[in-house]
Amino acid sequence: MLRLHYNLERVSMGLVAAIIVAASVGGIVEIAPLFTIDETVEMPADLRPLTPLELAGRGIYIREGCYACHSQMVRSLADEIDRYGPYSLAGESAYDHPMLWGSKRTGPDLARLGSKYSDAWHVAHLLNPRAMVPASIMPAYPWLTETLDTGLLSDSLAALARLGVPYAPEMIAAAEADALAQSRPDSDAAEGFLARYGERPALRSFDADPSRLTELDALVAYLQSLGTQTDAPFGILTERSQ
Amino acid sequence: MSELHNREVDPVTGHDTTGHDWNGIKELNTPFPKLVIWALVLTFAYSVIAWVLLPAWPLGRDYTRGLWALDQDEEAVTGYRALETGRQGWLARFTESDLEELRADAGLMAAAYPAAQRLFGDNCAACHGTAGQGGPGFPVLADATWLWSGEPAEIALTIRHGINAEDPETRYAEMPSFDWMETGDLEALAQFVAGLRDGTADAGSPAATLFSENCASCHGEGGEGGLGVGAPSLTDQAVIYGQDAATVLETLRHGRQGVMPAWTARLSPAEINLLALYVAGLDTAGDEAGQ
């Protein structure tokens, strides 16, 4: 084998060709399964896309670097199922561009966080984590009380629609209005929101102040949506209950 | 080409040279240490064994499954079932509906206590505190004061369906906003309610009339609460949002509608019963700890 290498080194183009072949093996093993991803990843039938307000919250989640300490991926291990619930399925993040699975946990996993705690808890915890969890090392985010900038939401929805997320043209056109409507259940705009997104997304003032749409509204709406976009993972445990 | 040169050995290191000569400088042809070569051979050998035994190569819509036919999904779910089965010995008894009987079984409660503590820490402590000490806006569980009831069966009902939660059978309680009242009245009422706490409220004042017209139906004529509608007693200094005049004014203006999530989807019926008994026992546990 060393003799082969000795001879190969003396034929420069042969060495280049051999390097390309060796390096592509690793690439092919990772890339080849993507060619058939449409057939191998099951899309949950009940998967819903994020609402504009939740999407804005996702933007804040990324902006503040939440993903650096929190994963959104319950691993397929018995202990993880016991603590967090059914493990994450690939189809769950089909509408996430980019996905926020993460691999490092300084804080707990958030994939099944939706509706585990109340909105009031999230608001208090984001503004000052120590007020809720004395031993927490999570930073405080007091500036989230600022007014939410919804100017780019229509463009965000349009971009995601081009990537295959099922946002209808009227959803894209009404994105800004829908973001506001989701936090104002008693407003006239709420009807339009319900017509476009149905009953499943939470419709309420997330930061307990309906007079103003804040970044807290968006982030809490997003956190409350985690793990609630589809019920498919819960089938993992019920289908094979014996 | 090596045969074109005479083999030349470097006298200092004892290694061959490459035979190249750059103005008198010669390059040693030092071979790889044997250890590295062997490590490389071993890792190659391991990878071949792994290909044979474990899932390895993608084949379009399928993949090579390997002789062991390991399946991560099955491993995880089977492992999880094993964890569940391991607990059935004592946890199964908590599916019984008579919680009082379970509570009387000291041996069973002692066996379940560590698990209850863990469940509480994972699910309840974020809002209610690790020892059930509560916080601003979140009820204390480690005392004898209850908005609904301290009976284990009633606590289990609250855990199952929550309060003001997204659950069709949730407990519903809302302190409405009284911002339609005139500011002067609101401030007087806030002072009156703050006074109920330490008995300094003037029962003959106009604010007392306002109280009996607007507040008494939920909080009781004397603000004593306990009507089973989630409205707190205003006389026992245990109002979760605080009862100083400024906070009461805030509550009167904007209302309160605290949410306790429903846990039916997250916890099993046995786990909920176990937690209910644990929570019901928190106040006595606190007393024993010398609180």
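From the backbone N, Cα and C atoms, a Cβ is placed for every residue, glycine too.
Summarising the environment of B:H128 (heme c 1 binding site), the number of other Cβ atoms within 10 Å of its Cβ, over all protein chains shown, is 21. Under the heading heme c 1 binding site, TrEMBL lists B:C124, B:C127, B:H128, B:M260.
Feature annotation from TrEMBL assigns heme c 2 binding site to B:M175, B:C215, B:C218, B:H219. Under DSSP, B:M175 (heme c 2 binding site) is assigned to a strand (E or B) in the three-state scheme.
The feature domain 'Cytochrome c' is assigned by TrEMBL to B:111-197 (among others).
What TrEMBL records for B:202-283 (among others) is domain 'Cytochrome c'.
Marked as region 'Disordered' by TrEMBL: B:1-20.
Panel annotation: around the transmembrane segment (B:35-57), residues 63-68, 70 of the same chain, lying at least six beyond its termini, place a Cβ under 8 Å from a Cβ of the stretch. Residues annotated as transmembrane segment in TrEMBL: B:35-57.
The two recorded residues, B:C215 (heme c 2 binding site) and B:C124 (heme c 1 binding site), show a Cα separation of 31 Å.
Of B:M175, B:C218, B:H219, all annotated as binding-site residues, the residue with the shortest Cα distance to B:C124 (heme c 1 binding site) is B:M175. Cβ atoms within 8 Å of the centroid of the Cβ atoms of B:M175, B:C215, B:C218, B:H219 (the heme c 2 site) belong to the same-chain residues B:N214, B:A216, B:S217, B:A231, B:L234, site residues excluded. Within its own chain, B:M175 (heme c 2 binding site) has B:A231, B:T251, B:G255, B:R256, B:Q257 as residues 6 or more apart in sequence whose C-beta sits under 8 angstroms from its own. According to its DSSP assignment, B:H128 (heme c 1 binding site) is helical. In the three-state DSSP scheme, B:C218 (heme c 2 binding site) is classed as helix.
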